[in-house]
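> I have a structure I would like to understand better, so I am pasting it below and will then ask my questions one at a time.
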Amino acid sequence: MRRLSSWRKMATAEKQKHDGRVKIGHYILGDTLGVGTFGKVKVGKHELTGHKVAVKILNRQKIRSLDVVGKIRREIQNLKLFRHPHIIKLYQVISTPSDIFMVMEYVSGGELFDYICKNGRLDEKESRRLFQQILSGVDYCHRHMVVHRDLKPENVLLDAHMNAKIADFGLSNMMSDGEFLRTSCGSPNYAAPEVISGRLYAGPEVDIWSSGVILYALLCGTLPFDDDHVPTLFKKICDGIFYTPQYLNPSVISLLKHMLQVDPMKRAAIKDIREHEWFKQDLPKYLFPEDPSYSSTMIDDEALKEVCEKFECSEEEVLSCLYNRNHQDPLAVAYHLIIDNRRIMNEAKDFYLATSPPDSFLDDHHLTRPHPERVPFLVAETPRARHTLDELNPQKSKHQGVRKAKWHLGIRSQSRPNDIMAEVCRAIKQLDYEWKVVNPYYLRVRRKNPVTSTFSKMSLQLYQVDSRTYLLDFRSIDDEITEAKSGTATPQRSGSISNYRSCQRSDSDAEAQGKPSDVSLTSSVTSLDSSPVDVAPRPGSHTIEFFEMCANLIKILAQ
């Protein structure tokens with residue numbers, strides 16, 4: 001069965017020292033790249049591949065004080081799906097009791113702000129090229145119901161080839177029809193009049209204003225609204241009057257004035273900008289591929305399956321959102337993201353993935369080669385293009401020397417084994433399942449069907465995969481076999497977890513427990529003791545109930 005790796009609650013990792021440096025997960029943290037509202041951004045180096053990443057450290061206490069803990073969970077899940085050449089990728093999220101570590105794409109060119117400060121204004125052609133890339137990223141976010149709300153040259157990074165990459169979605173949030181944002185955030189010099197005045201705003205229009213300020217900075221090397229005295233700065237912004245140098249093209253001046261309209265209702269939308277004559281010059285086709293037509297009658301099974309895996313939800317939940325045209329629901333957003341990403345890869349031949357350096361264009365090799373950061377323990381996975389049957393066959397390997405993938409029905413975690421089992425017991429108790437402890441790392445669980453009064457049963461076995469990774473395996477069980485192997489044990493229904501103390505197991509211990517090679521599915525129905533119950537066979541239903549038990553448990557653990 002497919003291994004489920006996005007067990008967010010249990011995907012915690014402790015800080016470790018590595019040659020005097022802090023290590024989080026597989027990443028050795030290095031120098032500080034910058035300091036933001038919630039914490040620092042450090043460069044990280046993957047201990048296995050040697051590739052660099054940027055690690056954004058979000059302090060939990062600061063997040064709690066802003067009351068955004070509940071809001072960012074599904075937003076981060078969708079940001080993992082974002083794949084655009086001009087948006088910084090989010091690879092993985094690692095949690096510790098004190099911090100959240102967001103492992104992101106690293107680019108070497110620094111901030112656009114520093115580049116302008118050092119080199120001054122850019123020529124019109126280069127300004128247009130970068131602005132086209134920035135607006136393409138903003139449009140991608142808006143189409144998938146995310147607003148940035150803090151766009152500025154400091155949040156636009158440059159790669160080694162002088163391509164723009166939008167970063168720092170820390171202040172962004174999902175937008176929905178009829179919902180107005182009240183939060184006043186962002187940097188004053190780039191903030192729209194409705195933001196600094198505290199008025200209600202919908203979201204996309206504030207990104208248009210900020211994009212206009214960035215375009216002005218590219219063309220002029222200065223800001224349209226600037227003053228050391230904050231009240232004076234606010235007055236300039238609310239008046240919307242800015243200086244236009246004589247060297248500016250009249251066409252771009254008209255675009256700037258449309259984007260920097262004080263009245264958000266009169267302000268340019270992305271559609272207006274895309275149709276502007278200045279913007280359309282030398283516009284690469286890949287930046288704005290044709291809009292997808294999302295059909296409520298034609299469902300993409302591959303995308304549907306991927307959403308269910310990433311959000312640990314049922315197909316019915318996703319289909320309900322799609323059929324009801326609830327496009328603002330995170331499940332629907334994720335579904336359309338996956339389709340959008342595939343369409344971009346298929347239609348845009350010069351579209352390259354947002355990796356560093358971005359000189360690898362799409363070809364057959366790059367479509368099948370995994371990203372260097374996509375190692376087995378990463379939480380985030382890139383939405384994949386369609387594969388051949390050979391690629392989907394785990395028995396075949398396209399390249400010699402590549403270790404064959406191992407499939408499990410279970411969850412991997414790098415937490416301590418005692419903590420894993422303690423969390424499992426809490427989840428079982430919350431679901432009102434019954435269980436008994438065979439040993440500290442092996443539980444037998446059953447659930448009573450309220451309709452048939454029969455029991456569905458499974459075992460939970462924790463295995464050690466390597467020196468730091470554990471696999472919680474789900475298995476449908478047959479009591480006659482299990483009791484003969486393990487003997488009887490007193491059923492424990494208490495929520496107490498005092499039994500789980502330091503009792504680490506090695507790989508040899510796992511083998512001694514009779515590690516299964518496959519997930520065993522059985523259609524027999526037996527009682528928790530060794531005596532079978534005479535119940536008429538229910539072909540297929542036992543398997544379905546087993547998977548329902550697994551799904552319910554995983555949902556609780558993922559909260």
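From the backbone N, Cα and C atoms, a Cβ is placed for every residue, glycine too.
OK, Swiss-Prot features for this one:
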DOMAIN    27-279  domain 'Protein kinase'
MOD_RES   T32  phosphothreonine
BINDING   L33, G34, V35, G36, T37, F38, G39, K40, V41, K56  ATP binding site
MOD_RES   T183  phosphothreonine
REGION    302-381  region 'AIS'
MOD_RES   T355  phosphothreonine
MOD_RES   S356  phosphoserine
MOD_RES   S360  phosphoserine
MOD_RES   T368  phosphothreonine
MOD_RES   T382  phosphothreonine
MOD_RES   S397  phosphoserine
MOD_RES   S467  phosphoserine
REGION    485-536  region 'Disordered'
MOD_RES   S486  phosphoserine
MOD_RES   T488  phosphothreonine
MOD_RES   T490  phosphothreonine
MOD_RES   S496  phosphoserine
MOD_RES   S508  phosphoserine
MOD_RES   S524  phosphoserine
MOD_RES   S527  phosphoserine
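I'd like these features described in context: how deep, what's nearby, how far apart.
For the domain 'Protein kinase' (27-279), the model gives a mean pLDDT of 84.
Residue density at T32 (phosphothreonine): 11 other Cβ atoms are found within 10 A of its Cβ, drawing on all protein chains shown.
Counting only same-chain residues at least 6 apart in sequence, those with a Cβ under 8 Å from the Cβ of L33 (ATP binding site) are K40, V41, K42, V43, A54.
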> Counting Cβ atoms within 10 Å of each candidate's own Cβ, which of the binding-site residues V35, V41 comes out highest?
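For the binding-site residues V35, V41, the Cβ with the most other Cβ atoms within 10 Å is V41.
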> For a quick check of packing: other C-beta atoms within 10 Å of the C-beta of G39 (ATP binding site), how many?
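Other Cβ atoms within 10 Å of G39 (ATP binding site): 19.
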